[in-house]
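What follows is a set of notes on a single structure, which appears directly below.
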Amino acid sequence: MPEPVKSAPVPKKGSKKAINKAQKKDGKKRKRSRKESYSVYVYKVLKQVHPDTGISSKAMGIMNSFVNDIFERIAGEASRLAHYNKRSTITSREIQTAVRLLLPGELAKHAVSEGTKAVTKYTSSK
């Protein structure tokens, strides 16, 4: 009767033989890819408006998605406007018009005034 073949011992969960997922074949750790988000800026604005209020990570994820969505919409509309006018550069004028087209009534007015204020502050600091 043939003897049963023994396989190599399986390393236990916490053993040193288990290979770390973040390690390459040569033993060096891989650098984690950086995830860009607006969370730092959302948090700064939150603290300006409501200093005693916090935000959950789920809510921060939603806010990040919202900012990305609005950014893409404005950029797309500004790009279209530049193309219609046979321009190769998106200026603050295209951005302002895109905001007026995308945002409703009073919200557009406030966004335009805040944007103008931010551009003025930026140009004066140069």
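Just so it is clear, glycine is given a Cβ too, placed from its N, Cα and C backbone atoms.
Listed in Swiss-Prot:
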{"type": "CROSSLNK", "residues": "Lys6", "note": "SUMO2 cross-link"}
{"type": "CROSSLNK", "residues": "Lys21", "note": "SUMO2 cross-link"}
{"type": "CROSSLNK", "residues": "Lys35", "note": "ubiquitin cross-link"}
{"type": "CROSSLNK", "residues": "Lys121", "note": "ubiquitin cross-link"}
{"type": "MOD_RES", "residues": "Lys6", "note": "N6-lactoyllysine"}
{"type": "MOD_RES", "residues": "Lys17", "note": "N6-crotonyllysine"}
{"type": "MOD_RES", "residues": "Lys21", "note": "N6-(beta-hydroxybutyryl)lysine"}
{"type": "MOD_RES", "residues": "Lys24", "note": "N6-(2-hydroxyisobutyryl)lysine"}
{"type": "MOD_RES", "residues": "Lys25", "note": "N6-(2-hydroxyisobutyryl)lysine"}
{"type": "MOD_RES", "residues": "Lys35", "note": "N6-succinyllysine"}
{"type": "MOD_RES", "residues": "Lys47", "note": "N6-glutaryllysine"}
{"type": "MOD_RES", "residues": "Arg87", "note": "omega-N-methylarginine"}
{"type": "MOD_RES", "residues": "Lys109", "note": "N6-lactoyllysine"}
{"type": "MOD_RES", "residues": "Lys117", "note": "N6-glutaryllysine"}
{"type": "MOD_RES", "residues": "Lys117", "note": "N6-(beta-hydroxybutyryl)lysine"}
{"type": "MOD_RES", "residues": "Lys117", "note": "N6-succinyllysine"}
{"type": "REGION", "residues": "1-36", "note": "region 'Disordered'"}
Integer Cα-Cα distance in angstrom, Arg87 (omega-N-methylarginine) to Lys117 (N6-glutaryllysine): 25
Rounded inter-Cα distance in Å - Lys109 (N6-lactoyllysine), Lys121 (ubiquitin cross-link): 18
Local backbone state of Lys35 (ubiquitin cross-link), from DSSP in three classes: coil
Local Cβ density at Lys35 (ubiquitin cross-link) - other Cβ atoms counted within 10 Å: 7
